[in-house]
Amino acid sequence: MSKVKDMSLAPEGVRKIEWVQKHMPVLEHIKEEYLETRPFKGITIGSCLHLEPKTINLGLTLMAGGAEVAMTGCNPLSTHDDAVAGAADLGLNVYGWREQDDEEYYQTINMVLDHKPDIIIDDGADMIMVLHNERTELLSHIKGACEETTTGVHRLQAMHADGALKFPVIAVNDAYTKYLFDNRYGTGQSSFDAIMGTTNMVIAGKTVVVCGYGWCGRGLALRAAGLGADVIVTEVDPIRALEARMDGYRVMTIREAVKQADLIITVTGNADIISGDDFKYMKNGCMLANSGHFNVEINRQDLEAISTEVKEVRESIEEFTTKDGRKIYLLADGRLVNLSAARGQGHPAEIMDMSFAVQALSAKHILENDLPVGVTKAPDEIDYNVASLKLQAMDIEIDSLTDKQKAYMANWQEGT
Ligand SMILES: NC(=O)c1ccc[n+]([C@@H]2O[C@H](COP(=O)([O-])OP(=O)(O)OC[C@H]3O[C@@H](n4cnc5c(N)ncnc54)[C@H](O)[C@@H]3O)[C@@H](O)[C@H]2O)c1
Ligand SMILES: N[C@@H](CCSC[C@H]1O[C@@H](n2cnc3c(=O)[nH]cnc32)[C@H](O)[C@@H]1O)C(=O)O
């Protein structure tokens, strides 16, 4: 069963899915293995992930493993209507369309839950929240869940600390082969891809402010500098601020940074990073984008409060005219720009290859192990397996320790 916008888009969707399959060799390897071993026979998996071709390929991998798969999106703006039509054509149960309102967003989450999943794959924990708050009758059926992103992991850890979480969760985000590549290089590249595609503007010579120097922020700053920008970082963590400075960026408070910015990108996972009077100090023409979770990093209401007019001046660009006559531009409604902008394509397929390989292997790990209730990192074996397969696909060989080296490393007696 499926509910999508337009099934006539299916052929184009299938073409896009076939394209990413050519660039997801690790997931394809796992798919082959699952076709033989069928680890998910008799199991239903429900996902709440950005609905686009790479995610559909994860769905197809789980289906190859014998699962009944039901999928919906984790953001009202990130669904690709052609890809979901293609997914429905290929036998997945898929519920979603681009530009859902809040009611539709939660309706489609519930449609997935109506399949009574054994395993959940979530991105941001919205599906897990609905399960715990509204669909409690399904809780005893759930064997476990996998969580894709930093903010989702934080939400679930907070939930567990409150004693509210009712099943085991694997923090897929916390796998090395996820955050070191997806959060850093994926967000760095795909955010600029979306910002440049949306605005058709140059980055070289601009002052770009990156708010938050976590894994995503490091990637964004690196790409901004590579594109020729003068990069400013804002942080609240003194160690990360120091790291940013030694990585070569200017570091200052947000209040100072907004005065100099041509483009500000928030990526903290926190709320109100740009709010209140910050907007009053911005230069005419300043552009604002968010790459972090949800649309709360840039306080839209505060910007509206100092504006006389708001209009869409180009697809995914809103122009706010302030009472003192400046123009400030907000991209993709302040939702993560790399996925929510009309031109946002999400991370490259080669990157999601690793994140979704960790997902596919973690789902199997949940089935095969009696995990405790709580949030645990994906096991190291999964990380090393994914990294080795990726290197193999990239035709890169590395050395291994000799017996003598192993003995040396294990020896505490040998000194100078
Ligand atoms: N756009 C994407 O595709 C994508 C990809 C991965 C993660 N994410 C999301 O991006 C966000 C960041 O993820 P991450 O893995 O980099 O997290 P992280 O925890 O590694 O980094 C977040 C950083 O923000 C800083 N921060 C918090 N409040 C701040 C404030 N008021 N001002 C300045 N800095 C502040 C923290 O100190 C931290 O260093 C999360 O919401 C995550 O879910 C988005
Ligand atoms: N519900 C949240 C979701 C946060 S998305 C952040 C996650 O998106 C994931 N992501 C980035 N690009 C893609 C993609 O192209 N396809 C699927 N997932 C992606 C990435 O792994 C990251 O952890 C919200 O709407 O704000």
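Numbering starts at 1 and runs along the chain as it is shown here.
Glycine residues also receive a Cβ, built from the backbone N, Cα and C atoms like all the rest.
Bear in mind that TrEMBL entries carry predicted annotations, made automatically and left uncurated.
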Which of E147, E148, E235 belongs with D123, K178, D182 in the substrate site listed by TrEMBL:
E148
Which of these binding-site residues has the least crowded Cβ, counting other Cβ atoms within 10 Å: G214, G217, G292?
G214
Which are the residues of the chain, D123, E148, K178, D182 excluded, whose CB is within 8 A of where the CB atoms of the substrate site average out, their centroid?
T149, V172, N173, Y179, N183, S355, V358, Q359
Run through the Cβ atoms and count how many others sit within 10 Å of the one on E148 (substrate binding site).
27
Between any two of D123, E148, K178, D182, the residues recorded as binding substrate, what is the biggest Cα to Cα distance in Å?
13
Where ligand 1 binds, which of the binding-site residues D123, E148, T149, K178, E235 are close by, with Cβ under 6 Å?
T149, E235
